Amino acid sequence: MYASREDIGYDFGDDSKVRSKPIKPNPNIDGGWAWMIVLSSFLVHILIMGSQMALGILNMEWLEEFNQSRGLTAWVSSLSMGITLIVGPFIGLFISMCGCRRTAIIGGILNALGWILSAYASNVHYLFLTFGVTAGIGSGMVYLPAVVMVGQYFQKRRALAQGLSTTGTGFGAFLMTALLKYLCTEFGWRNAMFIQGAISLNLCVCGALMRPLSPKDLREKCVVRSDSEENRAKALSHSTETIKSNGVLGEEPEKKEEAANEEVLGSVQHIEIGGKSGSGRSMYGLRLFKTVSQLTVTVRKGFALWYSSYFGAASLFTNRVFVAFIIWALFAYSSFVIPFIHLPEIVKQYNLSRQDNVFPLTSIIAIVHIFGKVILGLISDLPCISTWNVFLMANFTLVTCILTLPLMQTYVGLAVVCALIGFSSGYFSLMPVVTEDLVGTKHLANAYGIIICANGISALFGPPFAGWIYDITQKYDFSFYIAGLLYMVGIIFLLIQPCIQKKQPRKKSTEEAQV
């Protein structure tokens, strides 16, 4: 069932000459500094995703302070969480031009600025701009590089590394809830947000740890991955060329772009050499011109990569399996968020508040979610196990739990279903791995930016939609049923696209036509 990047992704040129040479692996791939990248990503998830999971503490303070409706006040948290994910495609542009390290450092400053400015809010609409938009964009500028860098530094243990780094969300939910509750009690919510803004500056430190790999290391990593994926491709019955023809990123435009950039830099160096005999002022002007030219070339190259990934003749959207992945992401995330919102009401409806106060069902989901990410990552990294199959099985388990949860009317039954929801939702750690298998490391930032953008749309509109369903039916059951059915539609898209491509007739290549 699993199809590797060679089969459902893009062709990155002929590496036969490179493969014939012995490759000395970089010690930082799957080891060394790679684990510092995991630590950096882990801390990012604590400071960003953990803080967002703890916004309920501040939401109560805002309700008391501004005396606005619950729906209007809740949009502050929804905007922050949604924008963090929705800006993914635009953050991919920043990464293409500036790199992960600079993008994350700028995002850390912006996130801290959003928290600090929110401490001076005079109304809820002020918070929309400072916390929802400013802090949300800053969070997105740190979150995406944290995921992309882990994918770049790991080859054999990608799923485990992503699982360990994303467990920061669960730990952060506990730590940040306790911290914000303490700060609000001792210093008030305004000072608490100011202090949290200062703490968020540590995101800049996390960004500084994201040391970029050299282009040579990235090429070697792609060669090693291609070799390992070819072995898995032998078990597939359909032709790789057929599916490549549906989504191939051509290398010729990129080569022409690089040649033009080299010509610009070469002319600048020629002018600089010719002007060495000139005055000091002219030399300073030449150095400034050279710096601006290099910056222009970097921006042009990054924008060209970003534009070709989204709007080029062979963009990411020509990969049909990736498009199906996007459709799945539009429905998946809300199915995970809705139980967190409506579980307390279901517990109250079934008169289970006493048991839930002892051990809340939402805490069961959060705790098991941490172990689910690590365990699913370990299983996926086994040589005989397909990451794609593990991902699909976890999705089937989660959608089954969403559909059966309203049928449970005892605390034990709800606790079992919530534990399964927490474990199966650990597939979030596999999403970057699956995305990288579909499009390759080179296009991971842009591709995963689209995926988390779809997740952001789902998180932004899913819970209000569930609330609207309750207002019509006066039952929470239908919210879970409709979310589960939409989720199932997304899973079906993931299943049918590889089957459709498998049945397509094989197209003759140019070489075969000439023969």
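For all residues, glycine too, the Cβ spot is worked out from N, Cα and C.
Annotated domain 'Major facilitator superfamily (MFS) profile' per TrEMBL: 37-502, in sequence order.
What TrEMBL records for 33-55 (among others) is transmembrane segment. Using a Cβ-Cβ cut-off under 8 Å and counting only residues 6 or more beyond its ends in the same chain, the transmembrane segment (33-55) has close neighbours at 76-77, 80-81, 84, 104, 111, 139, 142-143, 146-147, 149-150, 153-154, 161, 164-177, 179-180, 196, 199-200, 202-203, 206-207, 209-211, 366.
For 75-96 (among others), the entry in TrEMBL reads transmembrane segment.
Under the heading transmembrane segment, TrEMBL lists 103-121 (among others).
The list of residues near the transmembrane segment (127-148) in space but at least 6 beyond its ends in sequence, with Cβ under 8 angstroms from a Cβ of it, reads 40-41, 44-45, 48-49, 52, 62, 75-76, 78-88, 91-92, 94-95, 100-101, 103-104, 106-115, 117-118, 121, 162, 165, 203, 206-207, 210, 432, 444-445, 448-449, 452. Under the heading transmembrane segment, TrEMBL lists 127-148 (among others).
Note on the transmembrane segment (160-180): residues 34, 38, 41-51, 53-54, 56-58, 146-147, 150-151, 153-154, 192, 196, 366-367, 369-370, 373-378, 380-381, 426, 428-430, 432-433 of its chain, located 6 or more positions outside it, place their CB under 8 angstroms from a CB of the stretch. For 160-180 (among others), the entry in TrEMBL reads transmembrane segment.
Counting residues 6+ beyond its ends, the transmembrane segment (192-210) has Cβ neighbours under 8 Å at 36-37, 39-41, 43-44, 47-48, 51, 58, 100-105, 107-109, 111-116, 118-119, 138, 142, 145-146, 149, 179-180, 183-184 in the same chain. The feature transmembrane segment is assigned by TrEMBL to 192-210 (among others).
TrEMBL lists 321-341 (among others) with the feature transmembrane segment.
Taking Cβ pairs closer than 8 Å, the transmembrane segment (361-379) reaches residues 53, 159-164, 166-167, 169-171, 173-174, 339-340, 343-344, 347, 385, 390, 394, 414-415, 418-419, 421-430 in its own chain, all 6 or more past its ends. Annotated transmembrane segment per TrEMBL: 361-379 (among others), in sequence order.
Marked as transmembrane segment by TrEMBL: 386-405 (among others). Residues 1-3, 159, 328, 332, 335-336, 338-339, 346, 372, 376, 379-380, 414, 417-418, 420-421, 423-427, 430-431, 433-434, 437, 480-481, 483-485, 487-488, 491, 494-495 of the same chain lie 6 or more positions beyond the ends of the transmembrane segment (386-405) yet place their CB under 8 Å from a CB of it.
Annotation comment: TrEMBL describes 411-434 (among others) as transmembrane segment.
Under the heading transmembrane segment, TrEMBL lists 446-466 (among others).
Sequence-remote contacts of a segment are chain residues at least 6 beyond its ends whose Cβ falls under 8 Å from one of its Cβ atoms, and for the transmembrane segment (478-500) they are 1, 3, 8, 320-321, 323-325, 327-332, 334-335, 338-339, 342, 392, 395-396, 398-399, 402-403, 405-406, 462, 466-467, 469-470. The transmembrane segment annotation in TrEMBL covers 478-500 (among others).
The stretch in 75-96, 103-121, 411-434, 446-466 that contributes the largest number of Cβ pairs under 8 Å to the transmembrane segment (321-341) is 446-466. Sequence-distant contacts of the transmembrane segment (446-466) (same chain, at least 6 residues past either end, Cβ-Cβ under 8 Å): 78-79, 81-92, 96, 143-144, 147-148, 151, 305-306, 309-310, 316, 322, 325-327, 329-335, 337-338, 341-342, 431-432, 435-436, 438-439, 479, 482-483. Sequence-distant contacts of the transmembrane segment (103-121) (same chain, at least 6 residues past either end, Cβ-Cβ under 8 Å): 44, 48, 91, 94-95, 127, 130-131, 133-142, 144-146, 190-191, 193-194, 196-198, 200-208, 210. The list of residues near the transmembrane segment (75-96) in space but at least 6 beyond its ends in sequence, with Cβ under 8 angstroms from a Cβ of it, reads 48, 52, 55-56, 58-59, 62, 103, 106-107, 124, 127-128, 131-133, 135-137, 139-141, 143-145, 148, 301-303, 305-306, 309-310, 445-446, 448-453, 455-457, 459-460, 463-464.
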